[in-house]
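Report on one structure; see the data block that follows.
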Amino acid sequence: MDAAIYTTPDPDLRELLAARPTLRADAIDGLCFEGVPLAAIAAAHGTPCWVMGVGTLKGRARALRAAFTDAGLSPSMHFALKSNDLRATLVTLAAEGFGCDAVSGGEIRRARAAGIAPHHIVFSGVGKTDAELDLALELGLAHINVESAEELRRLSVRASAMGREADVVLRVNPDVDAATHDKISTGRADDKFGIPFGDIPALFDEARRLPGLRMAGLAVHIGSQINEAAPFRRAYARIASLVRDLRARGHAVHIVDCGGGLGIAYRDEIALDPRAWAATIAEAFGDLDVRLAIEPGRWLSAPAGLLLARVIDTKAMPEGSPDLIVLDAAMNDLARPSLYDSWHGIVPVAPPALHAPCTPHTVVGPVCESSDVLARARPLPRLEPDALVAILDAGAYGAVMSSTYNSRPLAAQVVVDDGRMACVKPRQDIEALWAGETVPEWFAA
Ligand SMILES: *Cc1c(COP(=O)(O)O)cnc(C)c1O
(Lines of atoms letter the chains of each structure in order from A and count residues from 1; the text may use other names and numbers.)
(Lines give C-alpha, C1' and ligand atoms only; values in the text may rest on other atoms or scores of the structure.)
Protein backbone atom coordinates (compact mmCIF):
# COMPACT_ATOMS: atom_id res chain seq x y z
CA MET A 1 0.00 0.00 0.00
CA ASP A 2 2.81 2.39 0.78
CA ALA A 3 3.86 4.30 -2.34
CA ALA A 4 7.49 3.66 -1.43
CA ILE A 5 7.16 -0.09 -1.97
CA TYR A 6 6.11 0.20 -5.63
CA THR A 7 8.96 -0.80 -7.89
CA THR A 8 7.11 -1.08 -11.20
CA PRO A 9 6.35 1.95 -13.42
CA ASP A 10 2.87 3.43 -13.00
CA PRO A 11 0.30 1.92 -15.36
CA ASP A 12 -0.45 4.29 -18.24
CA LEU A 13 -3.87 5.75 -18.93
CA ARG A 14 -4.74 3.07 -21.47
CA GLU A 15 -3.82 0.28 -19.05
CA LEU A 16 -5.91 1.90 -16.31
CA LEU A 17 -8.96 2.02 -18.58
CA ALA A 18 -8.44 -1.47 -19.99
CA ALA A 19 -8.76 -2.87 -16.45
CA ARG A 20 -12.00 -0.94 -15.82
CA PRO A 21 -14.60 -1.92 -18.40
CA THR A 22 -17.34 0.43 -17.13
CA LEU A 23 -15.06 3.43 -17.83
CA ARG A 24 -14.63 4.24 -21.52
CA ALA A 25 -12.75 6.97 -23.38
CA ASP A 26 -15.01 8.31 -26.12
CA ALA A 27 -13.36 10.20 -28.99
CA ILE A 28 -15.96 12.99 -28.75
CA ASP A 29 -17.44 12.90 -25.24
CA GLY A 30 -14.20 12.06 -23.45
CA LEU A 31 -14.20 9.80 -20.42
CA CYS A 32 -17.59 8.16 -19.80
CA PHE A 33 -18.65 6.14 -16.75
CA GLU A 34 -21.45 3.68 -17.39
CA GLY A 35 -22.29 5.56 -20.58
CA VAL A 36 -22.47 9.02 -18.98
CA PRO A 37 -19.85 11.62 -20.03
CA LEU A 38 -18.08 12.84 -16.90
CA ALA A 39 -17.95 16.31 -18.47
CA ALA A 40 -21.78 16.34 -18.44
CA ILE A 41 -21.80 15.45 -14.74
CA ALA A 42 -19.36 18.26 -13.96
CA ALA A 43 -21.43 20.72 -16.00
CA ALA A 44 -24.64 19.72 -14.22
CA HIS A 45 -23.43 19.26 -10.64
CA GLY A 46 -20.05 21.00 -10.34
CA THR A 47 -16.79 19.69 -8.90
CA PRO A 48 -15.47 18.11 -6.79
CA CYS A 49 -18.14 15.47 -7.17
CA TRP A 50 -18.37 11.78 -6.25
CA VAL A 51 -19.78 9.54 -8.97
CA MET A 52 -21.09 6.10 -8.06
CA GLY A 53 -21.67 3.55 -10.82
CA VAL A 54 -24.77 1.58 -9.93
CA GLY A 55 -24.21 -0.93 -12.75
CA THR A 56 -20.62 -1.51 -11.61
CA LEU A 57 -21.78 -2.06 -8.05
CA LYS A 58 -24.51 -4.53 -9.12
CA GLY A 59 -22.06 -6.39 -11.34
CA ARG A 60 -19.64 -6.82 -8.45
CA ALA A 61 -22.38 -7.89 -6.03
CA ARG A 62 -23.46 -10.60 -8.49
CA ALA A 63 -19.88 -11.72 -9.17
CA LEU A 64 -19.25 -12.07 -5.45
CA ARG A 65 -22.40 -14.10 -4.91
CA ALA A 66 -21.53 -16.32 -7.89
CA ALA A 67 -18.04 -16.92 -6.48
CA PHE A 68 -19.58 -18.32 -3.30
CA THR A 69 -22.27 -20.28 -5.11
CA ASP A 70 -19.56 -21.90 -7.25
CA ALA A 71 -17.74 -22.89 -4.05
CA GLY A 72 -20.93 -24.56 -2.82
CA LEU A 73 -21.62 -21.87 -0.21
CA SER A 74 -24.46 -19.42 0.39
CA PRO A 75 -23.27 -17.14 3.20
CA SER A 76 -25.32 -14.25 4.55
CA MET A 77 -23.79 -11.20 2.91
CA HIS A 78 -23.40 -8.09 5.04
CA PHE A 79 -21.99 -5.07 3.21
CA ALA A 80 -19.53 -3.13 5.39
CA LEU A 81 -21.49 0.08 5.35
CA LYS A 82 -18.59 2.12 6.66
CA SER A 83 -16.89 1.83 3.24
CA ASN A 84 -19.72 3.65 1.45
CA ASP A 85 -22.85 4.69 3.33
CA LEU A 86 -24.74 6.40 0.51
CA ARG A 87 -28.40 5.47 0.63
CA ALA A 88 -28.36 4.70 -3.12
CA THR A 89 -25.51 2.24 -2.49
CA LEU A 90 -27.32 0.48 0.35
CA VAL A 91 -30.58 0.24 -1.60
CA THR A 92 -28.73 -1.12 -4.66
CA LEU A 93 -26.98 -3.79 -2.59
CA ALA A 94 -30.12 -4.64 -0.62
CA ALA A 95 -31.84 -5.43 -3.93
CA GLU A 96 -28.94 -7.85 -4.58
CA GLY A 97 -29.59 -9.59 -1.28
CA PHE A 98 -27.03 -7.81 0.89
CA GLY A 99 -27.63 -6.74 4.46
CA CYS A 100 -25.19 -4.54 6.36
CA ASP A 101 -22.34 -4.71 8.81
CA ALA A 102 -22.69 -1.59 10.99
CA VAL A 103 -20.03 -0.28 13.38
CA SER A 104 -21.98 2.42 15.23
CA GLY A 105 -25.49 3.35 16.30
CA GLY A 106 -25.43 5.93 13.53
CA GLU A 107 -24.72 3.25 10.94
CA ILE A 108 -27.52 1.05 12.33
CA ARG A 109 -29.94 3.97 12.03
CA ARG A 110 -28.67 4.72 8.53
CA ALA A 111 -29.17 1.10 7.45
CA ARG A 112 -32.71 1.15 8.87
CA ALA A 113 -33.44 4.45 7.10
CA ALA A 114 -32.37 2.80 3.84
CA GLY A 115 -34.92 0.05 4.48
CA ILE A 116 -32.54 -2.72 5.61
CA ALA A 117 -34.40 -5.09 7.96
CA PRO A 118 -32.95 -5.48 11.47
CA HIS A 119 -32.32 -9.20 10.96
CA HIS A 120 -30.08 -8.31 8.01
CA ILE A 121 -27.89 -6.01 10.14
CA VAL A 122 -24.82 -7.15 12.08
CA PHE A 123 -23.28 -4.88 14.72
CA SER A 124 -19.46 -4.84 14.97
CA GLY A 125 -17.03 -2.42 16.57
CA VAL A 126 -14.52 -2.15 19.37
CA GLY A 127 -16.40 0.38 21.51
CA LYS A 128 -20.17 -0.02 21.63
CA THR A 129 -21.85 2.34 24.11
CA ASP A 130 -24.73 1.24 26.33
CA ALA A 131 -27.09 3.32 24.18
CA GLU A 132 -25.84 1.58 21.04
CA LEU A 133 -26.22 -1.87 22.62
CA ASP A 134 -29.74 -0.94 23.70
CA LEU A 135 -30.59 0.14 20.16
CA ALA A 136 -29.28 -3.17 18.79
CA LEU A 137 -31.29 -5.12 21.38
CA GLU A 138 -34.47 -3.13 20.78
CA LEU A 139 -34.27 -3.71 17.03
CA GLY A 140 -33.27 -7.38 17.32
CA LEU A 141 -30.29 -7.38 14.94
CA ALA A 142 -28.97 -10.55 13.27
CA HIS A 143 -26.11 -10.73 15.75
CA ILE A 144 -23.87 -8.53 17.82
CA ASN A 145 -20.16 -9.17 17.27
CA VAL A 146 -18.74 -8.71 20.75
CA GLU A 147 -15.11 -7.56 21.01
CA SER A 148 -14.19 -8.04 24.68
CA ALA A 149 -15.08 -9.92 27.88
CA GLU A 150 -16.13 -6.59 29.39
CA GLU A 151 -18.48 -5.86 26.50
CA LEU A 152 -20.01 -9.35 26.83
CA ARG A 153 -20.77 -8.77 30.53
CA ARG A 154 -22.17 -5.31 29.82
CA LEU A 155 -24.35 -6.71 27.02
CA SER A 156 -25.69 -9.35 29.44
CA VAL A 157 -26.66 -6.61 31.92
CA ARG A 158 -28.35 -4.46 29.25
CA ALA A 159 -30.20 -7.41 27.67
CA SER A 160 -31.51 -8.83 30.92
CA ALA A 161 -32.61 -5.37 32.10
CA MET A 162 -34.63 -5.09 28.88
CA GLY A 163 -35.94 -8.64 29.14
CA ARG A 164 -34.28 -9.52 25.84
CA GLU A 165 -31.86 -12.13 24.60
CA ALA A 166 -28.93 -10.99 22.47
CA ASP A 167 -27.61 -13.19 19.66
CA VAL A 168 -23.90 -13.05 20.35
CA VAL A 169 -20.95 -13.75 18.12
CA LEU A 170 -17.49 -13.31 19.61
CA ARG A 171 -14.95 -11.54 17.42
CA VAL A 172 -11.73 -13.47 17.68
CA ASN A 173 -8.31 -11.90 17.35
CA PRO A 174 -6.53 -14.82 15.65
CA ASP A 175 -3.09 -13.20 15.88
CA VAL A 176 -2.54 -13.33 12.13
CA ASP A 177 -0.66 -10.65 10.20
CA ALA A 178 -2.69 -9.76 7.13
CA ALA A 179 0.44 -8.38 5.44
CA THR A 180 -1.38 -5.18 4.54
CA HIS A 181 -0.77 -1.53 5.46
CA ASP A 182 -0.14 -1.11 9.18
CA LYS A 183 -3.09 1.27 9.53
CA ILE A 184 -5.60 -1.22 8.08
CA SER A 185 -4.39 -4.37 9.82
CA THR A 186 -6.77 -5.58 12.54
CA GLY A 187 -5.92 -9.21 13.33
CA ARG A 188 -2.55 -9.09 15.09
CA ALA A 189 -2.41 -9.75 18.83
CA ASP A 190 -1.56 -6.10 19.57
CA ASP A 191 -4.20 -4.60 17.25
CA LYS A 192 -7.13 -3.21 19.23
CA PHE A 193 -9.71 -5.54 17.67
CA GLY A 194 -11.24 -8.78 18.88
CA ILE A 195 -10.82 -11.14 21.80
CA PRO A 196 -7.53 -13.04 22.18
CA PHE A 197 -7.82 -16.47 20.61
CA GLY A 198 -6.94 -18.26 23.86
CA ASP A 199 -9.61 -16.46 25.91
CA ILE A 200 -12.59 -17.62 23.82
CA PRO A 201 -13.37 -21.01 25.44
CA ALA A 202 -13.42 -19.59 28.98
CA LEU A 203 -15.69 -16.79 27.79
CA PHE A 204 -18.16 -19.27 26.28
CA ASP A 205 -18.08 -21.09 29.64
CA GLU A 206 -18.71 -17.84 31.52
CA ALA A 207 -21.55 -16.88 29.15
CA ARG A 208 -23.47 -19.98 30.30
CA ARG A 209 -23.91 -18.26 33.65
CA LEU A 210 -24.74 -14.82 32.21
CA PRO A 211 -28.41 -13.97 31.57
CA GLY A 212 -29.69 -12.39 28.35
CA LEU A 213 -27.19 -13.99 25.99
CA ARG A 214 -27.62 -16.55 23.22
CA MET A 215 -24.10 -17.55 22.22
CA ALA A 216 -24.25 -18.09 18.48
CA GLY A 217 -20.75 -18.25 17.09
CA LEU A 218 -17.46 -16.65 16.12
CA ALA A 219 -16.34 -13.80 13.86
CA VAL A 220 -12.99 -12.80 12.46
CA HIS A 221 -11.82 -9.83 10.39
CA ILE A 222 -8.07 -9.51 10.01
CA GLY A 223 -7.72 -6.33 8.00
CA SER A 224 -8.40 -4.67 4.69
CA GLN A 225 -6.99 -4.62 1.14
CA ILE A 226 -5.77 -8.22 1.45
CA ASN A 227 -4.64 -9.68 -1.87
CA GLU A 228 -3.24 -13.02 -0.76
CA ALA A 229 -5.11 -16.15 0.28
CA ALA A 230 -2.57 -17.15 2.93
CA PRO A 231 -3.55 -14.74 5.75
CA PHE A 232 -7.23 -15.61 5.26
CA ARG A 233 -6.37 -19.31 5.27
CA ARG A 234 -4.34 -19.02 8.49
CA ALA A 235 -7.06 -17.04 10.29
CA TYR A 236 -9.90 -19.32 9.16
CA ALA A 237 -7.96 -22.46 10.14
CA ARG A 238 -7.62 -21.06 13.67
CA ILE A 239 -11.34 -20.24 13.83
CA ALA A 240 -12.28 -23.72 12.55
CA SER A 241 -10.17 -25.38 15.24
CA LEU A 242 -11.79 -23.10 17.81
CA VAL A 243 -15.25 -24.18 16.63
CA ARG A 244 -14.28 -27.85 17.14
CA ASP A 245 -12.80 -27.02 20.50
CA LEU A 246 -15.94 -25.23 21.68
CA ARG A 247 -18.19 -28.05 20.49
CA ALA A 248 -16.01 -30.57 22.32
CA ARG A 249 -16.67 -28.51 25.47
CA GLY A 250 -20.40 -28.80 24.84
CA HIS A 251 -21.04 -25.37 23.33
CA ALA A 252 -23.28 -24.92 20.32
CA VAL A 253 -21.64 -22.91 17.52
CA HIS A 254 -24.06 -22.01 14.71
CA ILE A 255 -22.49 -19.00 13.01
CA VAL A 256 -19.06 -18.22 11.60
CA ASP A 257 -18.72 -14.66 10.34
CA CYS A 258 -15.66 -14.51 8.07
CA GLY A 259 -15.44 -10.70 7.97
CA GLY A 260 -14.32 -8.72 4.92
CA GLY A 261 -10.94 -7.50 3.76
CA LEU A 262 -10.81 -8.68 0.14
CA GLY A 263 -8.56 -6.26 -1.76
CA ILE A 264 -8.72 -4.70 -5.21
CA ALA A 265 -6.14 -3.62 -7.82
CA TYR A 266 -5.73 0.13 -7.33
CA ARG A 267 -2.51 0.18 -9.36
CA ASP A 268 -1.04 -3.01 -10.77
CA GLU A 269 -1.61 -5.33 -7.83
CA ILE A 270 -2.80 -8.83 -8.66
CA ALA A 271 -6.08 -8.74 -6.74
CA LEU A 272 -7.21 -11.90 -4.99
CA ASP A 273 -10.09 -13.38 -6.98
CA PRO A 274 -13.29 -13.63 -4.91
CA ARG A 275 -13.44 -17.30 -5.96
CA ALA A 276 -10.10 -17.84 -4.20
CA TRP A 277 -11.50 -16.15 -1.09
CA ALA A 278 -14.63 -18.30 -1.24
CA ALA A 279 -12.43 -21.39 -1.65
CA THR A 280 -10.49 -20.62 1.56
CA ILE A 281 -13.81 -20.30 3.39
CA ALA A 282 -15.16 -23.55 1.91
CA GLU A 283 -11.91 -25.32 2.78
CA ALA A 284 -11.98 -24.19 6.42
CA PHE A 285 -15.70 -24.41 7.24
CA GLY A 286 -17.32 -26.48 4.46
CA ASP A 287 -17.76 -29.57 6.65
CA LEU A 288 -18.49 -27.81 9.96
CA ASP A 289 -22.25 -27.36 9.55
CA VAL A 290 -22.24 -23.66 10.44
CA ARG A 291 -24.16 -20.73 8.98
CA LEU A 292 -21.56 -18.61 7.22
CA ALA A 293 -21.53 -14.82 6.94
CA ILE A 294 -19.22 -12.38 5.16
CA GLU A 295 -18.73 -8.62 5.54
CA PRO A 296 -17.11 -7.29 2.35
CA GLY A 297 -16.77 -3.52 1.90
CA ARG A 298 -13.96 -2.28 -0.29
CA TRP A 299 -14.16 -5.05 -2.91
CA LEU A 300 -17.76 -4.11 -3.68
CA SER A 301 -17.69 -0.36 -3.43
CA ALA A 302 -14.17 0.90 -4.28
CA PRO A 303 -14.19 0.29 -8.06
CA ALA A 304 -17.81 1.49 -8.28
CA GLY A 305 -16.93 5.07 -7.35
CA LEU A 306 -14.75 7.88 -8.63
CA LEU A 307 -14.04 11.44 -7.59
CA LEU A 308 -14.43 14.00 -10.37
CA ALA A 309 -12.24 17.08 -9.94
CA ARG A 310 -11.20 20.16 -11.86
CA VAL A 311 -7.74 21.66 -12.29
CA ILE A 312 -7.59 25.02 -10.52
CA ASP A 313 -4.06 25.82 -11.51
CA THR A 314 -0.71 24.41 -12.48
CA LYS A 315 2.51 25.48 -10.84
CA ALA A 316 6.06 25.19 -12.17
CA MET A 317 8.49 23.84 -9.59
CA PRO A 318 12.27 24.20 -9.25
CA GLU A 319 14.46 22.14 -11.57
CA GLY A 320 14.32 18.46 -10.56
CA SER A 321 10.87 18.55 -8.93
CA PRO A 322 7.76 17.55 -10.87
CA ASP A 323 5.43 20.43 -11.70
CA LEU A 324 2.26 20.68 -9.65
CA ILE A 325 -1.32 20.17 -10.72
CA VAL A 326 -3.63 21.83 -8.18
CA LEU A 327 -7.12 20.29 -8.13
CA ASP A 328 -10.31 21.49 -6.51
CA ALA A 329 -10.53 18.10 -4.73
CA ALA A 330 -8.35 17.63 -1.69
CA MET A 331 -7.48 15.48 1.32
CA ASN A 332 -10.67 16.62 3.05
CA ASP A 333 -12.61 14.93 0.21
CA LEU A 334 -10.42 11.84 -0.35
CA ALA A 335 -8.28 11.21 2.73
CA ARG A 336 -6.75 7.89 1.69
CA PRO A 337 -3.58 9.17 -0.04
CA SER A 338 -2.63 11.35 2.94
CA LEU A 339 -3.81 8.78 5.51
CA TYR A 340 -2.48 5.54 4.01
CA ASP A 341 -0.09 6.65 1.20
CA SER A 342 -2.59 4.99 -1.10
CA TRP A 343 -2.33 5.11 -4.89
CA HIS A 344 -5.39 6.08 -6.95
CA GLY A 345 -5.44 6.21 -10.74
CA ILE A 346 -5.94 9.74 -12.09
CA VAL A 347 -7.27 10.04 -15.64
CA PRO A 348 -7.94 13.23 -17.63
CA VAL A 349 -11.52 13.49 -18.87
CA ALA A 350 -11.10 15.43 -22.15
CA PRO A 351 -10.49 13.31 -25.27
CA PRO A 352 -7.20 14.89 -26.51
CA ALA A 353 -5.57 14.68 -23.06
CA LEU A 354 -6.07 10.91 -23.02
CA HIS A 355 -3.56 10.45 -25.81
CA ALA A 356 -1.10 13.28 -25.08
CA PRO A 357 2.49 12.58 -23.99
CA CYS A 358 2.93 12.31 -20.21
CA THR A 359 5.51 13.68 -17.80
CA PRO A 360 5.67 13.24 -14.01
CA HIS A 361 3.45 15.59 -11.98
CA THR A 362 2.61 16.04 -8.35
CA VAL A 363 -1.16 16.26 -7.94
CA VAL A 364 -2.28 18.25 -4.91
CA GLY A 365 -5.39 19.79 -3.43
CA PRO A 366 -5.78 23.34 -2.11
CA VAL A 367 -5.89 22.42 1.59
CA CYS A 368 -3.26 24.08 3.75
CA GLU A 369 -1.39 20.92 4.74
CA SER A 370 1.79 19.48 3.25
CA SER A 371 0.13 16.06 3.30
CA ASP A 372 -2.59 17.23 0.91
CA VAL A 373 -0.99 15.32 -1.96
CA LEU A 374 -3.16 13.04 -4.10
CA ALA A 375 -0.35 11.63 -6.27
CA ARG A 376 3.41 11.94 -6.54
CA ALA A 377 5.58 11.75 -9.68
CA ARG A 378 2.48 10.69 -11.61
CA PRO A 379 2.82 10.51 -15.41
CA LEU A 380 0.13 12.85 -16.74
CA PRO A 381 -0.27 15.03 -19.83
CA ARG A 382 0.01 18.79 -19.53
CA LEU A 383 -3.34 19.95 -18.12
CA GLU A 384 -4.65 23.49 -18.29
CA PRO A 385 -6.82 25.18 -15.64
CA ASP A 386 -10.46 23.99 -15.87
CA ALA A 387 -9.47 20.57 -17.22
CA LEU A 388 -11.34 17.71 -15.55
CA VAL A 389 -9.77 14.58 -14.06
CA ALA A 390 -11.27 11.41 -12.59
CA ILE A 391 -9.68 9.95 -9.48
CA LEU A 392 -10.42 6.24 -9.74
CA ASP A 393 -11.50 3.53 -7.31
CA ALA A 394 -12.71 6.09 -4.78
CA GLY A 395 -16.00 4.38 -3.92
CA ALA A 396 -14.71 2.87 -0.66
CA TYR A 397 -13.41 4.88 2.28
CA GLY A 398 -13.80 8.00 0.13
CA ALA A 399 -16.84 10.21 0.70
CA VAL A 400 -17.44 8.53 4.08
CA MET A 401 -14.12 9.87 5.36
CA SER A 402 -14.60 13.42 4.05
CA SER A 403 -14.35 16.34 6.42
CA THR A 404 -15.09 20.02 6.04
CA TYR A 405 -11.53 21.06 6.94
CA ASN A 406 -10.67 24.51 5.57
CA SER A 407 -14.46 25.20 5.48
CA ARG A 408 -14.81 23.11 2.38
CA PRO A 409 -18.39 21.82 2.07
CA LEU A 410 -18.98 18.09 1.50
CA ALA A 411 -18.96 17.37 -2.25
CA ALA A 412 -22.06 16.42 -4.23
CA GLN A 413 -22.76 12.74 -4.90
CA VAL A 414 -24.11 11.56 -8.24
CA VAL A 415 -25.09 8.09 -9.42
CA VAL A 416 -24.88 6.83 -13.00
CA ASP A 417 -26.44 3.70 -14.44
CA ASP A 418 -26.61 2.68 -18.09
CA GLY A 419 -26.54 6.21 -19.53
CA ARG A 420 -28.67 7.84 -16.81
CA MET A 421 -27.46 10.15 -14.06
CA ALA A 422 -28.99 11.58 -10.89
CA CYS A 423 -27.66 13.72 -8.08
CA VAL A 424 -28.47 11.74 -4.92
CA LYS A 425 -26.79 14.02 -2.40
CA PRO A 426 -26.43 17.71 -3.23
CA ARG A 427 -23.28 19.62 -2.40
CA GLN A 428 -23.45 20.83 1.18
CA ASP A 429 -24.57 24.44 1.57
CA ILE A 430 -21.81 26.71 2.82
CA GLU A 431 -24.14 27.99 5.57
CA ALA A 432 -24.55 24.41 6.83
CA LEU A 433 -20.94 24.59 7.96
CA TRP A 434 -21.78 27.00 10.77
CA ALA A 435 -25.48 26.28 11.22
CA GLY A 436 -26.35 25.72 14.87
CA GLU A 437 -23.25 27.48 16.16
CA THR A 438 -23.77 30.22 18.74
CA VAL A 439 -21.65 32.36 21.02
CA PRO A 440 -22.61 32.73 24.71
CA GLU A 441 -24.52 35.88 25.57
CA TRP A 442 -21.89 36.71 28.19
CA PHE A 443 -19.32 37.27 25.41
CA ALA A 444 -20.93 40.72 24.96
CA ALA A 445 -20.69 41.69 28.63
C1 LIG B 1 -14.17 -2.51 7.89
C2 LIG B 1 -14.72 -3.82 8.23
C3 LIG B 1 -15.10 -4.70 7.22
C4 LIG B 1 -14.91 -4.41 5.75
O5 LIG B 1 -13.59 -4.40 5.35
P6 LIG B 1 -13.22 -4.26 3.80
O7 LIG B 1 -11.76 -4.33 3.77
O8 LIG B 1 -13.75 -2.96 3.33
O9 LIG B 1 -13.85 -5.42 3.10
C10 LIG B 1 -15.68 -5.90 7.59
N11 LIG B 1 -15.85 -6.22 8.90
C12 LIG B 1 -15.48 -5.40 9.90
C13 LIG B 1 -15.70 -5.79 11.31
C14 LIG B 1 -14.90 -4.18 9.60
O15 LIG B 1 -14.52 -3.37 10.59
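Placed from the backbone N, Cα and C atoms, the Cβ positions cover glycine too.
In TrEMBL, the pyridoxal 5'-phosphate site is described by E295, P296, G297, R298, Y397, and among G261, G365, G436 the residue recorded at this site is G261. Sequence-distant neighbours of C368 (active site, proton donor) (same chain, 6+ residues apart, CB-CB distance under 8 A): N406.
The most densely surrounded of the binding-site residues Y340, Y397 is Y397 (count of other Cβ atoms within 10 A of its Cβ). Across the residues annotated as binding pyridoxal 5'-phosphate (G261, E295, P296, G297, R298, Y397), the widest Cα-Cα separation comes to 15 Å. In this structure, E369 is the one among the binding-site residues E295, E369 with the smallest number of other Cβ atoms inside 10 Å of its Cβ. The closest partner of E295 (pyridoxal 5'-phosphate binding site) among the recorded positions, by CA position, is K82; the full candidate set was K82, R336, Y340, E369.
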